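In Swiss-Prot this protein carries:
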type	residues	note
BINDING	THR235, SER236, GLU237, GLU289, SER388	L-serine binding site
BINDING	ARG266, SER267, GLU268, GLU353, ILE354, SER355, SER356	ATP binding site
Amino acid sequence: MLDIQLLRKDLDGVAKRLADRGYTLDVAAFSALEAERRAIQTRTEELQARRNSLSKQIGAMKGKGEDTSAVMAEVGGIGDEMKASEAKLGEIQTRLSDLMLGMPNIAHESVPVGKDEADNVEVRRWGTPREFDFAVKDHVDVGTPLGLDFETGAKLAGARFTMLRGSIARLHRALAQFMIDTHTLQHGYTETYTPYIVNPEILYGTGQLPKFADDMFRVEKGGGENTITQYLISTSEISLTNTVRESIVEGSALPIKLTAHSPCFRSEAGSYGRDTRGMIRQHQFDKVEMVQVVAPDASYAALDEMVGHAEAILQKLGLPYRVVALCTGDMGFSAAKTFDLEVWLPAQNTYREISSCSNTEAFQARRMQARFRNAQGKPELVHTLNGSGLAVGRTLVAVLENYQNADGSVTVPEALRPYMGGMERIDAPAQVS
């Protein structure tokens, strides 16, 4: 959530910066609500002052034995008006809050201005795409003989679900273990196991609600007035970031660095017809997430560090990739600045997103009321960052495509062999005649 004081001081400036993000701020509606709020607050303060004055007058009159009934009646009338004003003020504050909850974060000044992914800016590349001396297959054709089973996944749960079997399932697990081990043993993160189902207020904290309810899978139990609504997490960023919700941490405890391997559940409501083949876009997929909670003056150094941590995974796996700075129109709702990592997929002859690392500054912290005690001992909002380290399914896709062999086998990257019992390659199971 944005700082409402920023809007009160520079409404037109905020509106312009939000327009760069593709969001049209209803300046007239905000101004009207603010004017009404100020008028009610001013009137309430006047009534409070008048009531205080009359209360003193009543005390003095009683001391003199004078009749106070008329003054008491006026005090009663003031009380009734104040109750009505408080109710109206509460209504206005709710409307302001609803308006604020729908506003995306303001982009950092270094973010390129643009409308969509076509305006993103490539920062750097690593690795050289492999040259194949045979016809390259995509991960579906490579993986299906090795244990990638889309047919059974669809039979069990519908489109965009996958079953993994045998060595492919083991490779998928090895990738997640390798990522977690790298982040905990080399990058200083604390491994965390989180709930996969969370309460609605948790999603308000990280910005998925109210705007993106259609992208979430909802879980309901009970019935009627006793219905309890919860949601499956779309990323463990949700659970990890909210660990500091409604708390004040000591400055000496920062940075807090957490990582988790979890399934993620997304309805992909706005993705109809996109990436329908294979594992690129699934309703259920695994991801290793990184989250950092830091002091404001350290957040952009932390963003660069986090990007480096995601890059390290790709480098250790020997997968070519590029780093892209997202433009204002392509960033996520809560982000102030985002870098995407895109891995090379030879069958598509292009780079595809495999990680997104974002600094949300105080946007999520303000929604969660997550603070730290600064050097002066005063509570101050933290900055929160999140990044994929990496999406496990898409990394599996990249390994299958980049490490495929002409005979249909897949070479196991050296970094994963300790997690695969020393296995150097995955061959299709022998066909039983």
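The backbone N, Cα and C atoms fix where each Cβ goes, and this holds for glycine too.
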Integer Å distance between the CA atoms belonging to THR235 (L-serine binding site) and ARG266 (ATP binding site): 9
For SER267 (ATP binding site), the one of THR235, SER236, GLU237, GLU289, SER388 that lies nearest, given that the binding-site residues are compared by Cα: THR235
Residue from GLU268, ILE354, SER356 whose C-alpha is spatially nearest that of GLU237 (L-serine binding site), among the binding-site residues: SER356
Protein Cβ atoms within 10 Å of GLU237 (L-serine binding site), excluding its own: 30
Cα-Cα distance linking GLU289 (L-serine binding site) and GLU268 (ATP binding site), given in Å to the nearest integer: 19
Listed binding-site residues GLU353, ILE354, SER355, filtered to Cα within 10 Å of SER236 (L-serine binding site): none
Largest tally of Cβ atoms lying within 10 Å of a Cβ, found at which of the binding-site residues THR235, GLU289, ILE354: GLU289
SER356 (ATP binding site), number of other Cβ atoms within 10 Å: 23
Cβ neighbour count (within 10 Å, all chains shown) around SER267 (ATP binding site): 17
Cβ atoms near SER236 (L-serine binding site) (within 10 Å, other residues, all chains): 27
Cα-nearest neighbour of GLU353 (ATP binding site) within the listed binding-site residues, THR235, GLU289, SER388: SER388
Euclidean distance between Cα atoms of ILE354 (ATP binding site) and GLU289 (L-serine binding site), Å: 12
Any further residue of that chain within 8 Å (Cβ to the Cβ centroid of THR235, SER236, GLU237, GLU289, SER388) of the recorded L-serine site: ILE238, LEU240, ALA260, SER262, CYS264, LYS287, VAL288, MET290, VAL291, ASN386, GLY387
Under 8 Å by Cβ from SER355 (ATP binding site), same chain, sequence gap 6 or more: ALA310, ASP340, LEU341, GLY387, SER388, GLY389, LEU390, ALA391
Where the record names ARG266, SER267, GLU268, GLU353, ILE354, SER355, SER356 as binding ATP, the maximum Cα to Cα distance in Å: 19
